[in-house]
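The annotation domain 'CSC1/OSCA1-like N-terminal transmembrane' is assigned in TrEMBL to 29-197. Residues or ranges marked as domain 'CSC1/OSCA1-like cytosolic' in TrEMBL: 217-425. Sequence annotations record features per position, and here TrEMBL assigns domain 'CSC1/OSCA1-like 7TM region' to 436-593. Marked as region 'Disordered' by TrEMBL: 293-318. Positions annotated as transmembrane segment by TrEMBL: 29-48, 104-123, 176-195, 440-462, 532-549.
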Amino acid sequence: MVDFSTFGAKDDPNNIMGKQRPTTLQIELSVALGVFAFFTFCVLRPRWSGLYAARKKSKDASSSLPELPNSLLGWMLPLWRITEQQVLASAGLDAYVFLRFFKLAIKFLSITLFFSLVVIKPVHDSYPDDDEKQKNSTLPFVPDYDFDYELRKRSDSWMPLNHSAPWMPEVETDYLWMYPVFAYVFTALALYLITSETRNIIEVRQEYLGSQTTITDRTIRLSGIPPELQSEEKIKDFIQELGIGNVESVLLCRQWAELDQHIVKRNDYLRRLEEAYTVYQGQRSIERNLEALPIAQPVPPGPSVDPEDDEHDDEEHRRLLRSGDSMPAQTPYARVRPKAKIYFGRFNLRSRQVDAIDYYEEKLRVIDAEIRDLRNKDFEPVPLAFVTMDTVAASQMACQAVLDPSPLQLLANPSPAPADIVWTNTYLSRRSRMFRSWSITAFILLLTIFWSVTFVPIATFLNTDTIREFFPSFAELLDSHPLVQSLVTNQLPTIAVTLLNAIVPYLYDWLSNCQGMTSQGDVELSVISKNFFFTFFNFFIVFTILGTASNFYDKYKDIGKNLRDTTRFAWTLASSLQRLLAFYTNFIILQGLG
């Protein structure tokens, strides 16, 4: 009779390991980080309302949204009660689709979590993998000889496994069918949810676009205008000859670079003048004149006010630049006016101090005169125009119609909002825009190589065997401290990749703004596409290859012999990918809970 304790070491659920599981540690760290971030948001939300409720303060359409309480957790229930129609009316169609995607993800993950906890996990725990046995294998590419299986096969057929159920060799591996079956079930569920959600969004989009009557919804962006049509009258006649509707107005973009440069200079002079006035008048305090009685003290410092003009004192009379007659004849207390250093002479090597207020007032007067002259100047047109139709239906038909059979000519698209247009890029030539686009694309390819090199040291810390090849003393330190080893091999790569994923979009946003796109919406789409390429290629493909390579680093010495045996190579590749599963599990936990 074989002793039952032979199988108790690995199958006994009461056998508690001496070290903490990496997944449990990752959950604890992620929950702690998530709770800290949540309560930090709850504390800062009422203090920084301009940041966390900017749309509520700046847009009239958000007036239908309820006011959220300033309490720590009292804002959650009113926020939950906001309907989808309120979101659609206040934030627009993009925000509505974005939130619907989150709801779809919650539905899918809730259903898969239920089956994972009720079916998959109990079955998986009943048939644990012999990880330690495979790790200590003397054959590098072939699993160990299953001594447990042979021992049970030579004993009674009713030899219990886990001391609870009889062991039947013919059904030992039937549970493996569970994994492909649920893979197909979850795939079918995802396709069903995506299809139903897409149909719902299409219906809402059609209803939303049909109800819009703003000028932006009736305006199209017409690009690729040939030279013979580059005038407002010709464009208007051309569109109206199509018979799709009447044209209300046409704005033909022109070479406004010189005017934009003067506007930038004017804003700079205006800001400096405001700073000078703030320094001059902002710190003036009320002082007592010791040579007069207390009842005969002068009025506090401030702008002079004529009592007869109180009823006419509105915004039109409150000008920043006052003439000399409108300034107070006397100031109660003298203060030193701020100075500005100006440079002149050859190579601007000489300098002197001048009165800042007078200097920037004169600069502002000169630049205003130049801007008035430039606005009367006839600039050269560019092949881009914004055409406003009389109805939304007419603008949509213009966008769907082929206006010219020639390639890249008279392309009609929905116009972005005026605040969304990057006006400095409207007068860029097509050659300049194409050059920028291809240059940024080439730079993205170079960045892809750079990110691949960056992932190499991160993938090195996934396995202690790889660390031992490069840092033997550090690997010995990790072997003597299991908790530190878990932090280095599991948490450190996860945190490094998470930080990299958070920083990279800012770089891609700057690159997308340099491409010369005419709207911020196009810039955002470009950022999303670049970030998706980084996440899919560099993170999932390159990092998976590097992580897999780090897991069978010690097998490279026999790579020539093993490549000839596809069975052995496939076995090593599969086992290395299985060891990389812990990293992606920790990454998902950190993204979801942290």
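The count begins at 1 with the first shown residue.
Note: Cβ is positioned from N, Cα and C throughout, glycine not excepted.
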Model confidence over the domain 'CSC1/OSCA1-like 7TM region' (436-593) (mean pLDDT, whole number): 81
Cβ pairs under 8 Å between the transmembrane segment (176-195) and the transmembrane segment (104-123), at least three: yes
Cβ-Cβ under 8 Å with the transmembrane segment (440-462): same-chain residues at least 6 beyond its ends: 470, 488-489, 492-493, 496-497, 500, 504, 507, 511-512, 514-515, 530, 533-534, 537-538, 542-543, 546-547, 549-551, 580, 583
